[in-house]
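One structure is given below, encoded as structure tokens.
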Amino acid sequence: MPPLTITAALALRDGASIPQFGLGVYLAKGSACVESIHNAIAAGYRHVDTAQWYENEAEVGQAINSASIPRKDIFVTSKVWDTNHGYEPATRSIDESLRKAKLDYFDLFLLHSPNPGKEKRLEAYRALIAAKKAGKVKSIGVSNYGPHHIDELVQHYPDDLPVLNQIELSPFFQRGEIVKKCKEHNIAVESYSPLGKGQFVDLPEIRDVANKYKKSAAQVLIRWVLQMGYIVIPKSSNPARIKENADIFDFELSKEDMETLGKLETGSGITWDPTKSA
């Protein structure tokens, strides 16, 4: 594996590529959101993840459009929220996201979850396919999809499979069955909530590994996700934390330390889990 850098990109199944490390902006609002993205770009980030549900697409667009680097150098993801499932609602919502963000296109658009049910999510996915063909989005994918949801797309849209599945994933919740299904179909895996529960950072196993590399627990956990070959989007609005999360490219976890962290599986997550929905 080539050395990881902050701008290292993974090739996606549709020929596009995505920076493996990015910034999540859930809960970031107003000028603080714009500022956090500018701070992230200054720290070397080239990937920002938003969503209709976050209600900050306008701020994300403002930050991108006023950034110190060209639009083409920043990868921007958004997501269709559950209440916008169905072909027409999803289509309208994508247009609205572009209007709010004042962007000509999104690099990636996902379905935020499979929750509203099979018929509506399949129609919403069809809207994603149409948006890609129209040039509104460069790539399409899903979030919080379980193995059976991916099988459903393989059955209905075999020529337009998602490029990635964004799921809660950390050493504490490794999502083996979902990862296996994604690999089967060359679907990239993207991790949100890579730090798990806050109290996990005090586990002696994590503390020992962090001390060995003179890094924080958070840095070690994010690095583990990257070395597993996944995309990761830790969220923060704190300038110091944004820099700290990015300061993970000057060391490499040993095979033994990767295995140590890999033994911390708990089998449960910290947030909603639509991957099991019907």
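Using the three backbone atoms N, Cα and C, a Cβ is placed for every residue, glycine included.
As written in TrEMBL, here are the features:
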type: DOMAIN; residues: 35-264; note: domain 'NADP-dependent oxidoreductase'
type: ACT_SITE; residues: TYR54; note: active site, proton donor
type: SITE; residues: LYS79; note: site 'Lowers pKa of active site Tyr'
type: BINDING; residues: HIS112; note: substrate binding site
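Spatially close to the residue listed as 'substrate binding site' yet at least six residues away along the chain are ALA51, GLN52, TRP53, LYS79, VAL80, TRP81, ASP82, SER143, ASN144, judged by Cβ distances under 8 angstroms.
Listed in sequence order, VAL25, TYR26, LEU27, ALA28 are the same-chain residues at least 6 apart in sequence whose CB falls under 8 Å from the CB of the residue listed as 'active site, proton donor'. DSSP gives LYS79 (site 'Lowers pKa of active site Tyr') a strand state. Just so you know, the Cβ of LYS79 (site 'Lowers pKa of active site Tyr') picks up 27 other Cβ atoms within 10 Å once every protein chain is counted.
According to DSSP, TYR54 (active site, proton donor) is assigned to a helical segment.
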